[in-house]
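Asks: Attaching a single structure in structure tokens format; questions to follow.
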Amino acid sequence: MSLLAVGINHNTASVELREKVAFGPDKLSEALKQLNANAHVNGSVILSTCNRTEVYCDVKGVAKNKLIDWLSVFHQVSPEELKPSIYIHEEQAAIKHLMRVACGLDSLVLGEPQILGQVKQAYTDSRDNKSVDASMEKLFQKSFSVAKRVRTETEIGGSAVSVAYAACTLAKHIFESIAESTVLLVGAGETIELVAKHLSANGCTKMIVANRTRERALGLAEEFGAEVISLNEIPDHLHRADIVISSTASPLPIIGKGMVETALKTRKHQPMLLVDIAVPRDVESQVGDLNDAYLYSVDDLQSIVDGNIEQRKVEAIQAEAIVSEESAAFMSWMRSLQAVDSIRDYRKSANEIREELLSKSLQSLAAGGDPEKVLLELSNKLTNKLIHAPTRALQSAAEQGEPAKLTVIRQSLGLENPQ
């Protein structure tokens, strides 16, 4: 087994190049088929996401540049355009890279959990296309267990590192269960869409989307089962909301102190969380002066995010140590397999010599040969055959002036004890 990882990612390549080299579902099967048709490739897995394209291979003697050339031809991208952005990892470096990727240590957002699912899907797709050999199977399964260990032993994924996620995390801290809470989302842009996804993933089913245009809001409503209202209708529905998360492009505040004060009276002063992640602000700052209204601005959330990013960097130190330990252990296992193969081949060779000479000796005895002479000849020939290769190795090491190699051979033959 000889491992090779070749790829590009968000650190080395522009989004335009990443788009060109991406393996969509329509290309993946053909790509794996072409890789496996190569006599030098024992197994392969292709990982292709918006931020990276990587090819992992178990190879035997294949030149690294041949794999790059294949990528170039397959995607019809010139080598001159591709090569400056390519990175190549071999053996333990390839093992360590895959483990870092699976753990989220090589991600654009440090510690993000989605990449593990993407690596698992890449492995499954490659296995379904019968391109995963036993060695690749072992490598990827080990990488999954390392990612699980990192998640268990560190807090690298435990803190919010996006404003949208931080808003949802804040809501979970304040309310015992957001599954029982009604959430009013003001706006229908990308940030609010991310917020809705995080809320839905945490069990929230009661969402109201308020937007200037109903068309955009209807898309979110259909995806998340939300109710749609216009911005003008917010005063009539605000009292229903336990949580308000707002992100619009409005130049003026949409939710004022008086509007919230009225809603709180209708709610009989049940607490209301308002998270304003718009710039300029959607919620008047004076709302924060009201009892039972808890207002957080984008700056409040950003400070939480910044602190969490720093915390993830601290946790990443321990995660990197785990990956280094596990990749070294896996490399040792790989080397032990190579030793097993060598031992098996050496025993096979010795047995073939023994059987050949024994057969000749038995024939001599059957023909009436002197048993003593036959046995003496057998022992001499067996000795000469078995020591021929080690003798040549000793001579070669001595002639080439390689004392270290000579010492290793002598130790292997039991001629001197290891220090």
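Along the chain as shown, residues are numbered 1 onward.
Glycine is treated like the rest: Cβ placed from N, Cα and C.
Copied straight from Swiss-Prot:
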ACT_SITE  Cys50  active site, nucleophile
BINDING   Thr49, Cys50, Asn51, Arg52, Ser107, Glu112, Pro113, Gln114, Gln118  substrate binding site
BINDING   Gly187, Ala188, Gly189, Glu190, Thr191, Ile192  NADP(+) binding site
SITE      His97  site 'Important for activity'
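Could you give the neighbours, burial and distances for every feature on this list?
Replies: The C-beta environment of Cys50 (active site, nucleophile), restricted to residues of the same chain at least 6 apart in sequence and closer than 8 Å, consists of Arg18, Ala22.
Remark: Asn51 (substrate binding site) has Asn9, His10, Arg18, Ser107, Leu108 as non-local neighbours, by Cβ distance under 8 Å and separation of at least 6 in sequence.
Within its own chain, Gly187 (NADP(+) binding site) has Ala210, Asn211, Ser246, Ser247, Thr248, Ala249, Ala278, Asp282 as residues 6 or more apart in sequence whose C-beta sits under 8 angstroms from its own.
Around His97 (site 'Important for activity'), taking its Cβ as the centre, 24 other Cβ atoms fall within 10 Å, counting all chains. DSSP assigns His97 (site 'Important for activity') to a helix.
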Asks: List the Cα distance (Å, whole number) between Ala188 (NADP(+) binding site) and Thr49 (substrate binding site).
Replies: 26
Asks: List the residues in the vicinity of the NADP(+) site, defined as same-chain residues other than Gly187, Ala188, Gly189, Glu190, Thr191, Ile192 with C-beta within 8 angstroms of the site's C-beta centre.
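Replies: The answer, listed by sequence position, is Leu185, Glu193, Leu194, Val195, Ser247, Thr248.
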